[in-house]
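Here the structure is laid out as structure tokens; the discussion comes afterwards.
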Amino acid sequence: MPTPSRIAVAGALQTVFGEGERLPEAWDRDLPPGDAGLANALLGLCLRRWGTLQAHVLPQLQRPERGLPLGTQIALALGLAQLAWLPGVSVHAAVNEAVALAGHRDLGFPPHQGLVNALLRRAAKDRTALAAALDAAPAALDQTPFVARALKAALWPWGRLDAQDALWRRLQTPPRPWFVALDDAPMDLEPAPELPGALRLPPDADFPRTWLAEGHGMVQDLSSQALLAFAWDRQPARILDACAAPGGKTTGLARRFPGAALTALEVHPARARRLEENLALRKVAAEVVVAEAADWLRSGGPAFDLILLDAPCSGSGTLQKHPELTWIGDGIDRARLRAVQRDLLEAATQRLAPGGLLIYAVCSWLSEEGQDHRDWLAGIPGWAPAAIWPEGLGPAPGPVSFFRPDPLAWPGEGFQAFAFTRHPEP
Ligand SMILES: C[S@@+](CC[C@H](N)C(=O)[O-])C[C@H]1O[C@@H](n2cnc3c(N)ncnc32)[C@H](O)[C@@H]1O
């Protein structure tokens, strides 16, 4: 029987390659801490190097043109990744676990247990040579049209299309998370040099699961933390977080504007439950409403002084944290997303108080998900761009009303955010 960490990784790979779905947040939640570390490392390697791993196997098959069932591909990817890149895993464990996985009725393909055994034993004869051969494979094997589009979109505004290889190399390294401390509970974190207030784990420190689970802090990407440091000197009375789960930015808004009445909308009931749990854990007072935001905004009610629209998006800026997007990104219906984003933005304009601030954000590099919506709103009479470039990041490289960090200089997620204010009625 394979260990829980290998079963969890194989299940995650089935989700991505079998069902074409994103991985759920905290996909490793049920694993003990020691197992979760190995599982995350292994899953990251399999996802980042999936194309290379499969290409390595194919020429060794008698009938490569027939390909392999997914269960066999997964067992081989797990075995090869451990042999090549996880020297702490013994040959015995790497091979036997993978063979056992191949024999798993739901996750593997039992008729290929012998094949998996033979291919992995051959690879295990020289682990160094295996790693060298895999590392010498062309980067293109691990890319898809979605990746190519994301890289170009990230670099084009900076006139740096020549830097696609450099950016891809960064995206292929596992990210080190950033944290926000919510109280004084001790935790061995160090200030992140990129942004005042952002924190990082010292190298080799254990992931602070208990500290997070007890609500003393949260993981939040640097770009999201920077967004919440936007320059605005008003104290809003009513704030709406229109797309709120799992509540990272709701928490940030509550901390920044403690006196304001905060409403958090979320369309998916399960995600809304998660939002409520997170807010309760962090002692954030907010009214959580389960509703489709555009409908809810258009259904009438009082205006808000500040609306944050952290819109659903392709996530193209999160490839480093979510390597599975490489393989499912081409299946994302971008036209539908664009339409949803525009609809949400239009609905939000109907509920902003005169003089209020409307912030739109996406963790995507694609212009169609950010810049294009900004250009659209700029053409609507009565709306004016407002500063959003985060205080503490130094001078903005472009308009202060557009937060689009340079991907070659900024280690946070790919991000586009813009702000508009509504002119008071004449
Ligand atoms: C980018 S995530 C928000 C992340 C969140 N702001 C945070 O910082 O933790 C977008 C969220 O909006 C929700 N959502 C998507 N479409 C929505 C809609 N039409 N109305 C309300 N919520 C929506 C998604 O379920 C998802 O939880």
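Numbers here mean position along the shown chain, with the first residue as 1.
Cβ coordinates come from backbone N, Cα and C, glycine included.
Of the listed candidates (Glu266, Glu324), TrEMBL assigns Glu266 to the same S-adenosyl-L-methionine site as Cys243, Ala244, Ala245, Pro246, Gly247, Gly248, Lys249, Asp310. Counting every protein chain shown, 26 other Cβ atoms lie within 10 Å of the Cβ of Cys363 (active site, nucleophile). Other than the site residues Cys243, Ala244, Ala245, Pro246, Gly247, Gly248, Lys249, Glu266, Asp310, same-chain residues with C-beta atoms no more than 8 angstroms from the centre of those residues' C-beta atoms, the S-adenosyl-L-methionine site, are Asp241, Thr250, Ala264, Arg271, Leu275. In sequence order, Asp241, Ala242, Cys243, Ala244, Lys249, Ala361, Val362 make up the list of same-chain residues 6 or more apart from Asp310 (S-adenosyl-L-methionine binding site) whose Cβ falls under 8 Å from its Cβ. For the binding-site residues given as Cys243, Ala245, the lowest number of other CB atoms within 10 Å of the residue's CB is seen at Cys243. Between Cys363 (active site, nucleophile) and Ala245 (S-adenosyl-L-methionine binding site), the C-alpha separation comes to 14 Å.
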